[in-house]
Amino acid sequence: MTSHTLTSFGRQISSPVIVALDYDNQDTALAFADKIDPQDCRLKVGKEMFTLHGPQFVKLLHQRGFEVFLDLKFHDIPNTTARAVAAAAEMGVWMVNVHASGGTRMMTAAKEALLPYGHDAPLLIAVTVLTSMEQSDLQGIGIDMTPAQQAERLAKLTQACGLDGVVCSAHEAQQLKKVCGQHFQLVTPGIRPTGSDVGDQRRIMTPEQAVLAGVDYMVIGRPITRAADPAAALRQINQSIAGVINAR
């Protein structure tokens, strides 16, 4: 697991937690952001909030000192995807993603679009299999593989295209680290502290289990954003993760 990264704001963020800002209201999302420390996590902006509020919302988070994962899962023809990824880089986001199922030409074009940004380029990762999907869902779209098999196949393709890592289930993390190496970044949604509502996720793990599986970054939403004390909930998760790391 990545122990820390130096942020564009000159600080170190030791936490692997990315908090999903799954709101439908900008004021509510910013009120949440104002309750937590940018050194304790990063923030994920997804399709709903970005469609509602656009780049200005990302700018407001940057002004508060947060690094942003722009989770728009681009999946289009190579040129369109490349231009979208470059636009994300222009916004100064920390991480952006595409769908690995877009294929080699699309992912390669996206990676090449970031070359002019050098060390300032965001991390570029690809989505393998959505954590809401089970084998029956894959069969329904003509893929005769288990989620783990499909995730491994797409992770290898992603790495061959030069991307930084993948979004995957924590259940696939150990195998993907084995086949893609320790430096290949794994970002996992479907992380729920013990006792949390699993929502619409199907393949989930606790933060502690995710660390032991080799996850680099974990996306956690409602257990933090809907907590009575979000800052305390985030601190508790970070402490539990640190305890596992220190015990290794």
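A Cβ is built for glycine as well, from the same backbone N, Cα and C atoms used for every other residue.
Record features, source Swiss-Prot:
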BINDING   ASP22, LYS44, 71-80, THR131, ARG192, GLN201, 221-222  substrate binding site
ACT_SITE  LYS73  active site, proton donor
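A map of Swiss-Prot features onto the structure.
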| residue | record | Cβ contacts under 8 Å, 6 or more apart |
| --- | --- | --- |
| ASP22 | substrate binding site | GLY46, GLU48, MET49, GLY221, ARG222, THR225 |
| LEU72 | substrate binding site | GLY46, LYS47, PHE50, ALA84, ALA88, VAL96, ASN97 |
| LYS73 | active site, proton donor | LYS47, ASN97, VAL98, HIS99, VAL127 |
| HIS75 | substrate binding site | THR81, VAL98, HIS99, SER101, GLY102, MET106 |
| PRO78 | substrate binding site | ARG105, MET106, THR108, ALA109, ALA110 |
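Every protein chain considered, the tally of other Cβ atoms within 10 Å of the Cβ of GLY221 (substrate binding site) stands at 21. When other Cβ atoms within 10 Å of the Cβ of THR131 (substrate binding site) are tallied across all protein chains shown, the result is 26.
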